[in-house]
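Okay, structure first, notes after.
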């Protein structure tokens, strides 16, 4: 049956026992009236009435802060009259009078007066005052240069900016602006100086000053986004686009967003189906079988699958497939035999990769699409160019006879099972090696789309999630599926790869929530062990599973009022790749 203890692979198959400044952000240099009553530019403190008032059922929202943030949002959205009306009716000004005066002085270019006002606002941190003063004086310097007032600019640089700035390199940069020639072809002082608008200066000052003094731009939007994101992350079944979320009600998806209904059964293989994988663009599905064939399935506009090509030519069972980065070609690997490269559009075999002696046991593409990688039965790993020339080989204990093979998205690291309980991270350039050590025998693994996480299937019926950025860290465990004799594969999937799916020897497909580890679904339907699953990367509502019952099931949403016809191999065009041999 292909048990773990078998030294030689069984013929059956290769199987084993994550009112303020208006239009600040639009880059406009036009001046809008600043908040508060337009006639009130004298210094006065913020209203202290109701400082202790809170609103909301939890008693954690301060009324004054709440009103000020709403007022700020109204002005930012262009509702100036509404913002002014809210200030007047609530008696809560958006900004203190001194702050309004400061902002108006910035917009009017009254630099010296603005620095005097800045020091009266009541800021405690001297570093903030100094940094804000520097930004103001730098703007003054640039505008003097832009106006060809070189002596005034020089005076500002020497007597005002230099005493404030401890960064000598910045002083040199400002000095170089004065020495840059004017009037040369393709050059002007404006090009060198690149004066920012005064509204942009206010944006920079806003980042420096405490939020109690100047409320940050888009603060209300930021708070609402935070609330939506928290709701999304707390939703166990979230698998829909964010644009479908609404402010009108709390977000909750429900199981209806999880593919849990069989929409189609694909029956074109004549023996057990061991492997399935969707293409990167989600337009195709490839399957590999013990019947010594692979099939390319095409996904139509309505989500139905039909046979595009049946690929024949392997002399032994086909154990795995791998899509090229551009999805135009496909690799298929026979059990300790050869790797074949196919043209997806025509079904023609383009190249056969093999070596005298050891058989090939795994295959993968480099991200560039110019090279392929294969594990060999002698435990080495070999790299080939597309024409079949061996480019490089890494010998020693690099892989096992039964091992998955992955390459990180940047093409730097090769991943393989080098010992029963160890996954090797091998840097092909530096030859550095890192390892993930497990306590149990590793049967398969899968790398996340961003190459940051690794899903590891173990002999003890557990799936482990590892964060492989830097030093590997175990961050999740998934249980409940059954595995005792065969290689069972799992995958990442769903929107933002928020779910984990796995096959199982009890004929079911298991789905967990990735972050919480909670089991969401156990899907019945197959009549034999489910060997492999693949989630469509372009459609979070489509999942494929391959089984010993010789079928592939396509899973979708229960609420879909569609069921596609089952597909058999009758009348199918068979592509014979044996001609190249």
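Using the three backbone atoms N, Cα and C, a Cβ is placed for every residue, glycine included.
Here the structure is a predicted model, which means the values were calculated and not measured.
Over in TrEMBL, the protein carries these features:
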REGION    20-48  region 'Disordered'
COMPBIAS  20-39  compositional bias 'Low complexity'
DOMAIN    95-152  domain 'CTLH'
REPEAT    266-300  repeat 'WD'
REPEAT    311-352  repeat 'WD'
REPEAT    353-387  repeat 'WD'
REPEAT    523-558  repeat 'WD'
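With a cut-off of 8 Å between Cβ atoms, the residues of this chain six or more beyond the repeat 'WD' (266-300) that come close are 12-15, 306-312, 314-323, 325, 327, 330, 332-334, 342, 344, 347, 489, 528, 531-539, 542, 544-554, 566-569, 572. The helix, strand and coil residue counts that DSSP assigns across the repeat 'WD' (311-352) are 0 helix, 24 strand, 18 coil. Helix first, then strand, then coil: DSSP counts for the domain 'CTLH' (95-152) stand at 46 helix, 0 strand, 12 coil. Under DSSP, the residues of the repeat 'WD' (353-387) split into helix, strand and coil as follows: 0 helix, 18 strand, 17 coil.
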